[in-house]
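Listed in Swiss-Prot for this protein:
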| type | residues | note |
| --- | --- | --- |
| SIGNAL | 1-25 | signal peptide |
| REGION | 25-56 | region 'Disordered' |
| TOPO_DOM | 26-134 | topological domain 'Extracellular' |
| REGION | 78-119 | region 'Disordered' |
| CARBOHYD | Asn105 | N-linked glycosylation site |
| TRANSMEM | 135-155 | transmembrane segment |
| TOPO_DOM | 156-167 | topological domain 'Cytoplasmic' |
| TRANSMEM | 168-188 | transmembrane segment |
| TOPO_DOM | 189-205 | topological domain 'Extracellular' |
| DISULFID | Cys203-Cys286 | disulfide bond |
| TRANSMEM | 206-226 | transmembrane segment |
| TOPO_DOM | 227-251 | topological domain 'Cytoplasmic' |
| TRANSMEM | 252-272 | transmembrane segment |
| TOPO_DOM | 273-310 | topological domain 'Extracellular' |
| TRANSMEM | 311-331 | transmembrane segment |
| TOPO_DOM | 332-361 | topological domain 'Cytoplasmic' |
| REGION | 338-358 | region 'Disordered' |
| TRANSMEM | 362-382 | transmembrane segment |
| TOPO_DOM | 383-398 | topological domain 'Extracellular' |
| TRANSMEM | 399-419 | transmembrane segment |
| TOPO_DOM | 420-482 | topological domain 'Cytoplasmic' |
Amino acid sequence: MRWLWPLGVSLAVALAAGPERAPRGVWLQQGGHQPVAQEQPDRSRRGAEREDAKGLQQYVPEGWAEYPRPIRPAALQPTQPWVAASPSPDRARATGGSGQEPQGNVTGPPGQRPQVQNPLYPVTERSYGAYAVLLLALLLFAVGIVGSLAVMCIVWHSYYLKSAWNSVLASLALWDFLVLFFCLPVVTFHEITKQRLLGAVSCRAVPFVEVSSLGVTTFSLCALGIDRFHVATSTLPKARPIEPCPSILAKLAVIWVGSMTLAAPELLLWQLVREPSPAAGTVDTCIMKPSAHLPESLYSLVLTYQNARMWWSFGCYFCLPVLFTVTCQLVTWRVRGTPGRKPESRPGPQEPRGARPSSTVAGLAAVHALCALPENVCNVVAAYLSAALTRQTLELLGLVTQFSTFFKAALTPLLLLCVSRPLGRAFLDCCCCCCGEGCGEGCGGRAAPAGPRAKLHTELSASGYFHKPREAPPLLALGTPC
């Protein structure tokens, strides 16, 4: 019985320690001397992981991560790109579970909302420049919008002015209207407040519309020069055949599609960058930088366009229309001055003399050259002397480049109304009718002649611009009833 005393001692110790201090997994076999350790089944909640299997990155319920997350050398390095975490899990669940909102191609200090600055009040040194830019923008906007709408409405409502020539002029007026209506407010707002309207969308859309407008002007000048040369060298009789409407639409489609295709790389070239500023808080800047997420072939194409963009614009949008117009004018004058050459057919009453003068093409080319020259000079200076220039100088060069395009868009329809006699006459008649003076009275202080002959002349001139003829015209109409 001596072997029973160790058993009694162990039982006494176990009872004295209690069930809380008894070692887990220690069980006594009735027929043995040594304890055998058995594994207890894990009583943790089903689906829960062990603490040692979890990652090193722990989340505190009330301490949400900031953007960007700080990288600690001792912690686990993140393998996913930084994501802006939402301030609460409910908001993250409402936005789709991730809490990430699309930011486009915006880079800069995150988590900081852009603050719109108002330099107009209170008046400071910067206010004078802001007021000058605002007044100039308002003047260009008013003149350009009124002129563009006038040209488009006259060509659209006039029966005898719906020709290929006038349709090209109306196309120019339409693109000038788009540039002034969409691009001018965005550029002016950015210059005053240093914030970009519509963000990255306007950063890409504004250059695309401006370059497309340059392409439309270039191809339109080439088309007008060719048309003027055909008119000068044509041997057709005075009553020319009517040009069908599909032919006019095909010419306009070639001009528009070609211009927009050449301007398509602008949509992939520009990106919006937000930089911190001690004065304005955040400054939006549009830079030429292709996105790294583009395919390899497309990225190389856009990069090639970026490297050749300056000289491509100078050659295609400045040299080509100017040289082409000058060449066509010289050849036309040479042909018209040839001895034995019959003069051009005299236009009829429905198309007054000067409907297609050479001065219209020459004036359009001169305005385009004068407005595009400062833009190209600023681009060359900014490209080759950017290291020696200050930031303020570069911003001034960019502003001159933008407003050169706006000057061209505002002056082109005004030139058409002043140089083209049918457009100018129709505009004056429309102004007289709107002022309540009546189309029968003379405009500009001229007295209307009395008599039935003068009345017939007035009716013919008015119906030729705004209404379809009630009876068959004495000559074949030169316009196309589209």
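Note: Cβ is positioned from N, Cα and C throughout, glycine not excepted.
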Touch test for the transmembrane segment (311-331) and the transmembrane segment (206-226), at least 3 Cβ pairs under 8 Å: yes
Densest Cβ neighbourhood among Cys203, Cys286 (disulfide-bonded residues), 10 Å radius: Cys203
DSSP residue counts for the topological domain 'Cytoplasmic' (156-167), split into helix, strand and coil: 6 helix, 0 strand, 6 coil
Leading stretch by Cβ pairs under 8 Å, where the reference is the transmembrane segment (168-188) and the options are 135-155, 206-226, 252-272, 362-382, 399-419: 135-155
Criterion met for the transmembrane segment (135-155) and the transmembrane segment (252-272) (at least three Cβ pairs under 8 Å): no
Candidates 252-272, 362-382, 399-419; stretch with most C-beta pairs under 8 Å toward the transmembrane segment (206-226): 252-272
Taken over the topological domain 'Extracellular' (26-134), the model's mean pLDDT: 51
Within-chain partners of the transmembrane segment (252-272) [C-beta distance under 8 Å, separation at least 6 from its ends]: 104-107, 167-168, 171, 196, 199-200, 203-205, 207-208, 211-216, 218-220, 223, 284-291, 294, 298, 301-302, 305-306, 309, 316
Collapsed DSSP category at Cys286 (disulfide bond): strand
